[in-house]
């Protein structure tokens with residue numbers, strides 16, 4: 001704790017001292033004592049210090065403890081409200097910068113908080129002498145006094161009370177030093193002049209909640225906004241009892257964890273709070289903007305000037321005119337870029353316009369008249385600039401480990417190891433460590449649970465200094481990890497990492513600091529969710545208990561479904577669901593259009609038309625959501641109580657009549673992180689089994705509940721509910737204990753989706769990861785695909801690598817060029833050689849081709865569809881836009 005005093009004799013000089021120290025030490029424990037002149041000067045500006053002083057005691061002098069979660073006026077020992085300061089009639093003295101101009105929030109994450117709320121500031125603080133007292137006098141204060149400078153009670157912002165209560169994504173924008181929630185239908189939209197907090201909450205299979213807390217900085221955000229975001233990050237983490245993994249995100253350089261939340265892409269909008277731009281503009285049609293679409297793995301739609309000068313023939317652009325959305329494809333743009341552009345256009349129509357916009361797709365040279373009226377005659381356009389290439393991956397394994405300690409009385413930073421993999425034993429709970437992976441754009445800070453605050457503060461500063469000293473880019477990612485909250489991306493640098501809750505034989509698992517360990521993780525702790533859970537993060541309007549009506553499309557009409565059959569769908573049909581919900585005292589309606597995987601194009605078109613018709617009948621107020629089988633959002637899945645959402649094979653034929661059920665039926669039951677389950681009928685063959693899930697096998701004479709070794713209790717419960725619906729009493733069997741009659745019903749034993757890695761529970765250490773790779777021009781380039789693994793991530797004009805640790809799959813798209821096909825094996829070998837975990841070079845490499853995927857590959861992708869590529873993905877996307 002440092003003490004900064006102002007005597008009031010030289011306001012300008014002392015203000016400079018306060019600015020200098022406070023900006024450097026903000027969040028690390030600083031006591032500010034301000035006299036009347038300094039207080040008046042501070043209140044006159046729009047700085048963070050002004051924010052802290054708002055609504056504090058009007059005493060002639062004031063004291064602020066700048067410890068995280070404190071920011072307390074010592075005169076009252078009350079935490080000030082974090083909101084916009086009251087306007088002042090007197091401007092600050094000329095040439096005086098605001099405190100926020102010095103505060104770079106991301107560079108100063110806070111020390112590890114106490115596990116429980118700290119007591120209020122001690123009484124002596126309330127009786128501090130006037131700020132006019134000479135600094136030397138207080139500097140001589142006793143050690144007992146200094147020990148009393150402790151954090152006070154956490155600031156409980158109203159939004160904190162809503163944070164992290166349920167699994168899913170929550171986003172807030174910083175508006176005038178306050179947290180304002182962003183509407184869920186606009187998640188993924190970011191104003192470049194603003195800062196945001198993003199909290200992702202995941203429910204572990206153990207039932208515990210895990211938090212990833214990000215603060216995102218737009219390219220044009222102010223220093224004050226940046227500092228406010230850092231303060232709110234610190235305070236929210238305190239409120240979550242220090243369990244959150246903190247991430248710093250910079251526009252255009254976001255982490256894969258962050259990008260994984262927005263599989264449909266990010267939209268960067270110009271302006272911000274200071275410019276009067278608002279997020280909440282329902283169904284806005286008075287729009288005129290141009291978005292440039294860039295990226296293959298991660299789509300970034302950046303707002304550019306409304307002019308042909310913004311266009312080139314190598315990219316796709318969207319001219320958004322509100323009710324009319326024009327997707328323009330440059331003559332040299334490729335099919336994958338066009339596919340991503342359709343996703344953005346569809347998102348604008350469905351999310352920003354509630355399904356009421358019209359999308360027009362056009363090629364360069366075939367512009368609609370409306371587009372030419374806005375932009376004028378089309379000139380000759382330049383070629384596009386290629387996306388920035390990823391850094392050469394050959395050096396991605398280079399990392400160093402440093403220890404920060406003051407055990408000897410003096411702060412010291414020492415090199416522990418200059419080459420990975422590191423030994424886990426090198427991490428001491430009494431210290432903080434810095435894992436420097438700046439060569440790949442990342443710095444990790446590991447905080448031992450017993451490390452003191454000074455060590456933690458030094459570790460944060462050292463990480464910041466590393467970035468500067470090593471000449472790493474300023475946007476280098478910083479991740480702060482509490483002990484026992486390590487992510488797979490951190491663990492990969494250690495040999496044979498062992499979590500503390502892994503026990504030998506019987507015994508109670510020990511979980512340090514109540515941080516849940518993650519199982520079944522696609523990329524890292526932040527991406528433990530399947531596609532339905534990701535959709536849920538974009539819209540859980542309520543708990544699913546509202547009124548609902550369901551119709552099935554038969555011919556050209558919608559026919560009511562018997563309420564006793566609600567929640568049961570046929571993959572060959574399409575349905576319309578009208579749902580009434582209540583939120584914040586208001587009522588609303590949602591129209592879900594559910595389209596089965598085997599629905600005919602006529603049914604899909606009819607369902608879309610009748611949904612629009614129903615919307616018009618209801619006055620145009622409902623939100624319309626098109627849902628494709630396998631992509632059901634958690635809210636839709638939650639609408640049927642404890643029963644799973646069931647998808648049967650077959651449907652209503654065009655000749656009339658319902659498809660008769662097969663004599664032997666097999667259902668896969670899988671849960672989302674929100675606790676909802678889905679049961680999908682599959683072909684009754686053994687190759688469809690999956691060790692991760694529960695299955696129901698129903699034969700004419702009996703029924704089986706097959707429990708995969710990694711199946712959760714929620715999935716088992718969902719299977720039991722399905723059996724009740726089917727009217728069957730099952731025989732429950734565990735994987736590996738199947739009777740002969742079970743295999744006979746499935747036509748005999750066969751290889752199915754499983755992995756020995758599931759048996760030793762190492763998925764939290766080495767999760768499956770998907771990459772696109774290139775070995776062109778002698779440089780080995782890899783780019784990770786963020787988020788949950790989905791089949792549409794496999795680009796047909798690329799070579800992809802699926803790393804499941806025990807083996808590496810090289811997937812070759814049909815449209816990949818000959819050089820990439822020839823170099824596929826070489827790329828896989830280079831990938832293993834450059835792995836930071838120092839992989840065994842003998843790791844099995846499997847070369848597979850599009851359309852011939854074995855179950856050991858396809859089993860990692862939820863809802864894999866063997867017929868997916870019989871229809872061109874771009875044509876499918878275009879048909880959805882036209883529907």
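Quick reminder: no glycine exception, Cβ is built from N, Cα and C everywhere.
So that you can see what the record holds, here are the features copied from TrEMBL:
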COMPBIAS  78-87  compositional bias 'Low complexity'
REGION    78-146  region 'Disordered'
COMPBIAS  108-122  compositional bias 'Pro residues'
COMPBIAS  129-146  compositional bias 'Polar residues'
DOMAIN    176-259  domain 'Gelsolin-like'
DOMAIN    298-369  domain 'Gelsolin-like'
DOMAIN    417-490  domain 'Gelsolin-like'
DOMAIN    558-637  domain 'Gelsolin-like'
DOMAIN    679-743  domain 'Gelsolin-like'
DOMAIN    782-857  domain 'Gelsolin-like'
Top Cβ-contact partner of the domain 'Gelsolin-like' (417-490) among 298-369, 679-743, 782-857 (pairs under 8 Å): 782-857
The domain 'Gelsolin-like' (298-369) - residue tally per DSSP class, helix then strand then coil: 22 helix, 22 strand, 28 coil
Counts of helix, strand and coil residues, the domain 'Gelsolin-like' (782-857), according to DSSP: 21 helix, 20 strand, 35 coil
Counts by DSSP class (helix H/G/I, strand E/B, coil) across the domain 'Gelsolin-like' (679-743): 21 helix, 19 strand, 25 coil
